[in-house]
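Per TrEMBL, region 'Disordered' is recorded for 44-67. What TrEMBL lists as transmembrane segment is 112-139, 173-195, 253-274, 286-307, 338-356, 377-396, 416-434, 441-462, 482-502. Per TrEMBL, the feature domain 'STAS' maps to 550-676.
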Amino acid sequence: MEPRHSAYDMRDQHNAKQVRRRTMLGIVDDYSFDIRLPRDSASGIKMEEQGGGGPPPPGPLAMPHHHELSPMDRLADYVPLVSVLRNYSSALAAGDFRAGLTIGVVMVLRSIVFATLANVSVSVSLVSSIVPVTIYALLGTSRQLSVGPEALAAVLIGQTVAEELEVATDGVAANQIAAVMAFLVGIIALVLSLARAGFLDSVLTGFVKTGFISSVGILIAIEQLPEITGINLALKPRPTASTFEKLVVTSKAILASAHGPSIAVGVTAVIFMLAAKQIKARVSRAWVKAVPEIVVLVVIMIAISAATDFPKYGIRTLGKFDNRFPTPGLPKLSMDRIQRLVTGALIQTVVGFVESMAVSKDLGMQYGYNPRPNRELFALGSANLIGSFVGCFVSMGSLPRSKILADSGGRTNVASLWTAAWVTVFVFTAGPILKFLPLPTLAGFVAAAALNLIHVSEIVFVMRVKSWGEIIGMLGAFAATFFWNVESGALAVLFAAMLLIVRRSVGIDMAILGRRVADPVSHKKEDSDQQPQQPQQQQETVVRYVDIRDHADAALLDNVLVLSVRSPLVFFNSGNISVTVDRLLKAQTALTDGAGYKMGKGRQTIVFDMENCPAVDAAAAFLLIDNTRTFLRADIRVIFSGLNPQQRALYDASGLTDVVGANCIYGYLEEAVAAATKIGWCSNGGS
C-alpha cells in the first residue's frame with residue numbers, strides 16, 4: 001500500500017529544503033571569508049539536527065576552515081597580492097605594465113591639479129600618488145581600483161584645510177593639516193573594518209548620490225574657471241565659500257579681468273577632452289580606447305608652449321615645482337584639532353569608501369571577481385594611515401582612472417605597483433618638461449572630467465519615470481551641496497540618506513494569511529479485496545495558507561488572525577510589533593465587514609508564523625514578552641509556529657515560552673491553525 005501524502009508530508013519536504021538552504025548559506029559564509037560566524041549560527045541549525053548525524057559532505061563551494069589552511073593560504077587571505085602572484089602569467093604582466101605606465105602619466109598630471117584643489121604643495125600630492133597606491137596594491141581586493149589623489153577627496157580636503165587655517169593658532173601648515181586628515185581617515189576606516197561596517201557602501205547610493213556627485217562636479221568645474229579664463233587671481237573667491245558664492249564671485253571676476261589667450265587655451269582643452277570621450281565611445285578598436293587623451297593633450301600643449309613661450313603672451317604655466325618628498329614623521333596632532341577635523345574625516349571616509357566600492361563592484365562584475373567591502377575598508381584605512389606618516393593627504397579610489405587602467409590592459413593589483421613606480425620616475429625626471437605645461441590646459445581637462453561627474457543619463461531616467469520621492473532626494477542633495485560648503489552639504493546628504501534607510505528598515509513586514517484550498521490531489525489506494533491491477537483513486541484536499549494580497553480567493557479565518565512574519569525582529573524595529581499587529585487586526589475587521597461577513601463570537605486569536613523570519617534578537621524577545629502580555633490582558637490568545645532551533649532556544653531562555661505557554665508553540669503552521677480553531681486548545685500560561 002502506497003503511503004498517503006498529506007500537507008504535513010509537504011511541510012516536511014519544505015523543511016528539508018530550508019535545512020539545505022541554511023546549510024548552503026553557511027558554506028557561502030565560509031567561502032567569502034568575510035563573515036566569521038560559527039557554522040550553527042550562520043545556518044540557523046545545529047549539525048546534529050540536519051538529519052545525517054554530522055556535517056554535510058563538502059560541496060563545490062566548500063572552503064577549508066582556517067585551521068586547515070596552509071601558511072601561504074592564510075597569507076594570501078590577508079594579502080590578496082600574494083594570491084595574484086601565485087597565478088601570474090606573462091600575458092597579465094604585459095597588460096599590467098602598460099596600464100601602470102598609462103596611469104603613472106595620468107596620476108602625475110592630475111596630482112598637480114589636485115594639489116591646487118586640496119590647498120597643499122605639489123610634493124604632497126605626488127607622494128600621495130606613491131605610498132597609498134603601494135599599500136592598497138598589497139591589501140586591496142579590487143584588482144583594478146586606482147587609489148590615490150581623487151577630485152572629490154581633494155575638494156573636501158581643500159575645504160577642511162582652509163577652515164582649519166582660519167582657526168588654528170599653533171602655526172600649523174596646510175600640508176600638516178592634510179596629513180592629519182589622512183591619519184584620521186585611516187583610523188576611522190580601520191575601526192569600521194573591525195566593526196564589519198562594509199555595509200556602509202549602501203548608505204550613499206541611488207539618486208541621492210547622483211545629486212550630491214553632480215553638485216560636486218559643478219563645484220570642481222567652477223573652481224577651474226579662474227585658470228581657464230586667466231583672471232586676476234586676487235579676485236578669486238575665498239576657499240570656504242559655497243558653490244553658489246564661488247559662481248557669483250568668479251563670474252564678476254571674469255567680466256572684470258578675463259584674458260583672451262588663456263581662454264582660448266583652456267576652452268580648447270575642454271573641447272578636446274569632451275570630443276575624445278565621444279570618439280572613444282563610437283570607435284570599436286581597442287588601441288584607440290586604450291590611448292589616454294590627457295597624455296595626447298598634454299604632449300601637444302607642452303610642445304606648443306615651449307615653442308612659442310606662452311608666458312610672453314600672459315598665459316600662466318606650471319613652471320618649476322617642488323619634487324622633494326616630505327620628511328616622514330607623526331602628523332601634527334592635538335586634541336582640539338582632532339575634535340575640529342573628526343567630522344570632516346568621517347564624511348571623507350564614508351563618501352570615499354562609497355565611491356571606491358561603486359567602482360570596485362562595477363569592475364568586479366565586469367571581470368569576474370567580488371571585492372570584499374570589509375577588506376576594502378581595511379586596505380583603504382591602512383593606505384591612508386601609513387601614508388599620513390610620510391605627509392600624504394587622503395587617497396581614495398577614482399572612477400575615471402580605474403576605467404583607464406582597465407581599458408589599458410590592467411587586470412591585477414600589480415598594475416598599481418607599476419603606477420607607483422612610474423610616478424616616482426616621472427617626479428624626478430619630468431620636471432624640466434612639465435614646467436612648460438599651460439595651467440589653462442590643466443584646468444581645462446579637470447573641468448571636462450568634472451562635467452563627466454554630472455550623470456545626465458541617471459537624471460533623465462528618474463525624471464522620465466516620475467519617481468517624485470527620489471527626484472526630491474536628488475534635488476535636495478544637489479541644493480545642500482550647491483548652496484552650502486561641501487562639507488556641510490555632504491553631512492546633510494549623509495544624514496538624509498541614513499534617515500531614509502532607517503525609516504525603511506524599522507518597519508516590520510507582516511502579511512495576513514488566508515486559507516486557500518488547492519486543487520485536489522489524487523492518490524492511488526489498493527484495497528485488499530481488489531486485484532492489484534485495479535487501483536482505486538482517493539482524492540485529498542490540500543489546504544494552504546497564503547497572503548491575501550496575492551490571492552483574492554483566500555478565506556479569512558473566524559476569530560483567528562494568521563500573520564506571517566517576513567522580516568527580522570531586531571532591536572531597531574521590534575518596537576513596532578504591537579503597532580503593526582494592531583493595524584492588521586483592524587484590517588482584518590475591515591475586510592470581513594466589507595465582505596458582509598460577521599465574525600463569530602469567541603476569543604480572538606493571533607497566530608504568528610515565524611518560518612520566514614530570518615532572526616529574532618534579545619531586544620525583540622523582551623518586547624515580544626511585553627506585547628504578548630498586553631494581548632492576553634486584552635483577551636487575545638497568542639500562538640507561534642515555525643520557530644527555528646535558535647529562536648526556540650531564545651524563547652526558552654528569555655521566558656517567552658512560559659508567557660506564551662509551551663503548548664501554544666507549534667512546529668508547523670497547519671498544526672497551529674488547526675489548534676487555534678478548537679475550543680480550549682491551549683491556555684496561554686504565565687500571563
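Glycine residues also receive a Cβ, built from the backbone N, Cα and C atoms like all the rest.
Looking at 253-274, 286-307, 416-434, the range that has the most CB pairs within less than 8 A of the transmembrane segment (112-139) turns out to be 416-434. Residues 118, 120, 123-125, 127-128, 131-133, 135-136, 139-141, 147-150, 152-154, 156-157, 175, 178-183, 185-193, 197-198, 325-331, 348, 352-353, 355-356 of the same chain lie 6 or more positions beyond the ends of the transmembrane segment (377-396) yet place their CB under 8 Å from a CB of it.
Contact between the transmembrane segment (253-274) and the transmembrane segment (482-502) does not hold: fewer than three of their C-beta pairs are under 8 Å, each pair 6 or more apart in sequence. Of the two recorded stretches, the transmembrane segment (482-502) lies close to the transmembrane segment (338-356), with three or more CB pairs under 8 Å once pairs fewer than 6 apart in sequence are set aside. Stretch with the largest number of CB pairs closer than 8 A to the transmembrane segment (173-195), among 286-307, 338-356, 441-462: 338-356. Residues of the same chain lying 6 or more positions beyond the ends of the transmembrane segment (338-356) and with a Cβ under 8 Å from any Cβ of it are 142, 145, 147, 150, 152-153, 156-157, 159-160, 164, 167, 177, 180-181, 184-185, 188-189, 192, 200-201, 203-205, 209, 213, 376-377, 380, 394, 396-397, 399, 487, 490-491, 494.
Proximity of distant same-chain residues to the transmembrane segment (441-462), defined by a Cβ-Cβ separation under 8 Å and at least 6 residues beyond the stretch ends, is recorded for 109-110, 112-113, 151, 207, 210, 213-214, 216-221, 224-228, 265-270, 272-274, 277, 294, 297-298, 301, 318, 400, 470-471, 474. Per DSSP, the secondary structure of the domain 'STAS' (550-676) breaks down as 63 helix, 24 strand, 40 coil. Across the domain 'STAS' (550-676), mean pLDDT in this model comes to 86.
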